[in-house]
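In TrEMBL this protein carries:
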ACT_SITE  112  active site, proton donor
BINDING   76, 100, 355  substrate binding site
BINDING   196, 227  NAD(+) binding site
SITE      152  site 'Important for catalysis'
Ligand code: NAD
């Protein structure tokens with residue numbers, strides 16, 4: 001239970017984070033005495049964002065930027081535009097960013113922002129005005145050395161370009177390093193769009209090798225065929241695996257021989273989904289979780305692997321491309337069934353890792369080729385999964401618990417060494 005006055009019992013996302021922190025506390029020895037620093041955000045900003053609509057009326061929107069931890073460096077985390085955005089959710093998402101950057105050992109803390117709005121109901125001009133006013137409201141707490149936003153649900157590289165431009169106008173000079181996920185000709189990084197899917201693949205290969213699971217002809221099921229799912233599927237298929245089942249918002253398709261992934265990708269782009277693709281057969285949404293598979297890649301939504309699905313899932317390895325796809329009680333079942341889960345805070349950290357590279361390149365005004373980016377990405381992802389694996393062996397715990405132990409130790413060691421001002 002939270003002891004923050006602005007958090008209530010219904011605020012499940014934040015309470016889930018607190019529960020995860022409780023679970024790792026026994027592994028933190030004398031660093032335990034600093035644990036409370038993770039149980040409250042460092043800084044929470046709620047802003048009113050008024051804009052003039054195209055019809056001349058004025059509307060007010062609620063915006064947030066939460067910096068959960070700045071202990072290891074500037075805040076890092078996306079900005080979400082969604083009608084359900086609220087303080088509790090933004091706090092939890094910012095805390096998970098703290099964990100993710102620490103697992104990857106990136107020199108960042110964790111942050112997240114958002115506006116309570118359905119962006120689809122705004123015209124492009126209204127969306128731009130909303131973004132620019134929101135940026136101006138949070139501008140004094142963001143910056144390349146303070147907190148660096150990025151895209152999340154409902155925002156994209158155009159929104160990042162407006163944030164960069166608005167922030168730069170206030171500073172009187174161009175500051176590309178204030179956001180990541182920008183268009184490439186505005187200081188964005190090559191390889192950013194495919195980075196998360198690539199990270200899923202790289203950590204997956206490493207995990208498979210440790211489990212003696214051969215990728216050649218391994219059967220893979222992928223939920224979500226967007227940025228993350230399609231890229232991971234493409235790389236696995238290129239390595240000889242058979243992607244036998246693919247699900248997106250439009251359909252669930254099955255083919256025991258494995259899909260032609262490039263063809264499916266082209267089809268999905270043209271038709272905004274995989275429904276109607278001529279290869280394979282259509283199966284029901286729920287049957288996705290029952291098909292014969294070696295590797296399952298949930299890469300669409302949170303809360304997908306329920307207790308019941310965990311009991312029946314045939315996979316040996318789960319690669320969490322999405323954030324939070326597995327319920328905690330399902331995690332326990334998977335553990336008891338000997339199914340390995342590479343958790344989201346490692347598996348899908350390729351995006352924030354290349355965001356880090358984007359920030360480094362912006363600061364140096366020197367840009368790397370896509371090959372250089374991919375090599376650096378692979379190196380950091382392999383290091384992270386190996387660090388987590390070793391920790392899990394040492395403590396005989398799941399990779400998720402191990403990732404949290406690793407992250408909390410890094411953050412709390414930094415906290416301890418910095419001391420408490422004024423002492
Ligand atoms: P995306 O919008 O490109 O693709 C999402 C995919 O999920 C689409 O194929 C869509 O059809 C599918 N989908 C939507 N609703 C579905 C449903 N009810 N059932 C099955 N499939 C459904 O998004 P993305 O960038 O690929 O992100 C996917 C997940 O990965 C999200 O949870 C996101 O938070 C997480 N993630 C993404 C990144 C990144 O860099 N893109 C980084 C970390 C985590």
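Numbers here mean position along the shown chain, with the first residue as 1.
Cβ atoms here come from the backbone N, Cα and C positions, even for glycine.
For the recorded substrate site, residues 76, 100, 355 set the reference point as the centre of their Cβ atoms, and the other residues of that chain within 8 Å of it by Cβ are 77, 97, 101, 104, 106, 108, 110, 150, 349, 351, 352, 353, 356. Across the residues annotated as binding substrate (76, 100, 355), the widest Cα-Cα separation comes to 13 Å. Highlighted here would be the recorded positions (76, 100, 152, 355) whose C-beta falls below 6 Å from ligand 1, but none qualifies.
A distance of 12 Å separates the Cα atom of residue 355 (substrate binding site) from that of residue 152 (site 'Important for catalysis').
In this structure, residue 76 (substrate binding site) is part of a beta strand by DSSP. Here residue 227 (NAD(+) binding site) comes close to 193, 194, 196, 197: these same-chain residues lie at least six apart in sequence, with C-beta atoms under 8 angstroms from its C-beta. Within 10 Å of the residue listed as 'active site, proton donor', judged by CA to CA distance, lie the following recorded positions from the set 76, 100, 152: 76, 152. When other Cβ atoms within 10 Å of the Cβ of residue 355 (substrate binding site) are tallied across all protein chains shown, the result is 28.
For residue 100 (substrate binding site), the same-chain residues lying six or more positions away in sequence with a CB closer than 8 A to its CB are 110, 344, 345, 349, 352, 407.
For the recorded positions 112, 152, the ranking by surrounding Cβ atoms (within 10 Å, all protein chains) places 112 first.
Note: residue 76 (substrate binding site) has non-local neighbours 97, 101, 106, 108, 109, 110, 111, 147, 148, 150, 352, 355, 356, i.e. same-chain residues 6+ apart with C-beta under 8 A of its own C-beta.
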